[in-house]
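Structure first, commentary second.
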Amino acid sequence: MTLSIAKAMAVLAAMTIAPSAALGEDAPSPVAGGAQLPEALALCTDTSRPSYTASPEVQKEQADARKKACVAVLDFPGASEDDKYAAHIGLGQLRVEYLRIGGFADFHSAMEIKPGAAEPRFLGGRDLMHSSGTLEQSLEYLDAALERDPNMAEAQFARAEALYRLKRYNQAKAAYEAAIKIDPDAKAAPFARGGAAFVLKRYDEAIAAFDAALARDPRNALARLLRGYAHLNARQYDEAIADFGKAPDGIQGHGPRVGLYLWDRWCHSVRTCATWGANKAKQQITLTRLAREEKAKREKKQAAQREKEQAALKEPAGPWPQAKIDKALDEAVGALEAKKFDVAVSVLTPLVEDNPDYALGRSLRARAYVSTGELAKAEEDLTEILQIAPADAKQRLLRASLYLKRNNYQGAVDDLSKIIDAGSDDWTVWFRRGLAYKELNQPGDAIGDFHEAFNVLKASKLDGARARDAEFNVRYERAIAYSKLGKYDQAVEDFDAVITMKPDAAQLYFLRGSALAYAGRMDEAMKDANEALELEPDHELAQRLRAGIESAQKKSN
């Protein structure tokens, strides 16, 4: 039952200031009779949303009344553990919904009261996702909630959103579908359907679902952003611009004015904005200018941060005088240029040991260790550097490359994701993360990264043989990922492209033939098997492929 503000204030005054006097000398004490505790608890746990058409003053008054009610319940001598649990939940929800600050501390207090309860873990995980926590932390709490209550639809919906933001698209799709199965009529169901359809590239279905989600909650920023993406992929440019223009700043995992920036990037990579129509040219120019201004601001800020960190890298933090440091650096650089990597390590090690925070020395030694094959030691140096300069993308990229070599694929994903989130136009960053996802058996996520690597590559200034080699690598790996995901027709398209680049590679014909066979295109598959064997008669896998096709054709006849 929702209490009036006046009644709530009277109850709170009775509970928190002078209970017996406020209730009357002969009235039963709240401690003894508990007459006022239920009313305060009802106000504290009243989660009906205030009217957003009401004035800010009225909204603040409502929020203050609830907050005081929750605090009063927690301070009330006769409150039970159940009462305190409910008050912590109510106070946490209030902080999140009305006061716009994190409520995790309150949800954690509720967890301590009832360790087996799913609700505070769900609320805490959702709060971490939308406030100061990390997505990985959020996922841990949401998983814990679902361990305690596997049929908690809200937790499954929130888990799907966290997975999507982490770019684990296959897992997100599975979580969306699980959430819908639990509660097909839930408020979050339209968004979940939209997310699942978007991952499957069913953009019309996604748009319809996000329409429904936004009709229920016009403030759902992620639904609006994803609908913009869907419109963009469906080539509905006006609608995409409308959604991107309304996308708020600071959506986790995205930069400022993300929609305008992405629109600008997409125009330059696909090069189709010019066909949008002369009547849209002015609007396009305005949007592109706004996007570039936002990008320039971000890059200026990042450059200042990098300059600050580079200055720190060059500033020795140990007992060596600068002249001694310069001499050691000259010797080390000379040894590296002469490919005397052991000598470089022996020169740099005293410098690093005596000046442990001197990152430049560690950086050079890490590169020497890579060349000597001592990858674990190189990784240790890079980790120390990133403690000093966490925004140094070059050092992070090198560590990610080491993680890939040492089969630490999740570590590579984490490092590469940080580089991408900070803003990178390096196609190799997306490509390397795609390789890591492939090794983690997440082909859907790998395909997404290979696709982005391809787009960034096409928009880059790379040309000639280097560009062709890069395109070959991206399309080859994407074809393999498509095959793993069972999307054989798409795999064939990429294999077509790479075969034109290397028409004498028997392995490529075998791989394309295998994809064709799985797609049921047996005649074409047989041609590729024969072509592979003509180029390499002893190709055992091609021999097996041809035998399998012949067997299948005999059975069908």
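Cβ atoms here come from the backbone N, Cα and C positions, even for glycine.
Just so you know, TrEMBL annotations are computer predictions that nobody has curated.
Noted in TrEMBL for the protein shown:
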- 1-23: signal peptide (SIGNAL)
- 153-186: repeat 'TPR' (REPEAT)
- 187-220: repeat 'TPR' (REPEAT)
- 292-312: compositional bias 'Basic and acidic residues' (COMPBIAS)
- 292-319: region 'Disordered' (REGION)
- 472-505: repeat 'TPR' (REPEAT)
- 506-539: repeat 'TPR' (REPEAT)
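For the repeat 'TPR' (472-505), the DSSP counts in helix, strand and coil order read 28 helix, 0 strand, 6 coil. Broken down by DSSP into helix, strand and coil, the repeat 'TPR' (506-539) contains 27 helix, 0 strand, 7 coil.
A Cβ distance under 8 Å defines the sequence-distant neighbours of the repeat 'TPR' (472-505), meaning residues of its chain 6+ beyond its ends; these are 427, 431, 434-435, 438, 441, 443-444, 446-447, 450-451, 453-454, 457, 511-512, 514-516, 518-519, 521, 535. Proximity of distant same-chain residues to the repeat 'TPR' (153-186), defined by a Cβ-Cβ separation under 8 Å and at least 6 residues beyond the stretch ends, is recorded for 118, 121-122, 125-126, 129, 135-136, 138-139, 142-143, 145-146, 192-193, 195-196, 199-200, 222, 252-253, 417, 442-445, 448-449. Within the repeat 'TPR' (153-186), the DSSP-based counts of helix, strand and coil residues read 27 helix, 0 strand, 7 coil. Helix, strand and coil content of the repeat 'TPR' (187-220), in residues and according to DSSP, is 25 helix, 0 strand, 9 coil. Mean pLDDT for the repeat 'TPR' (187-220) in the predicted structure: 80.
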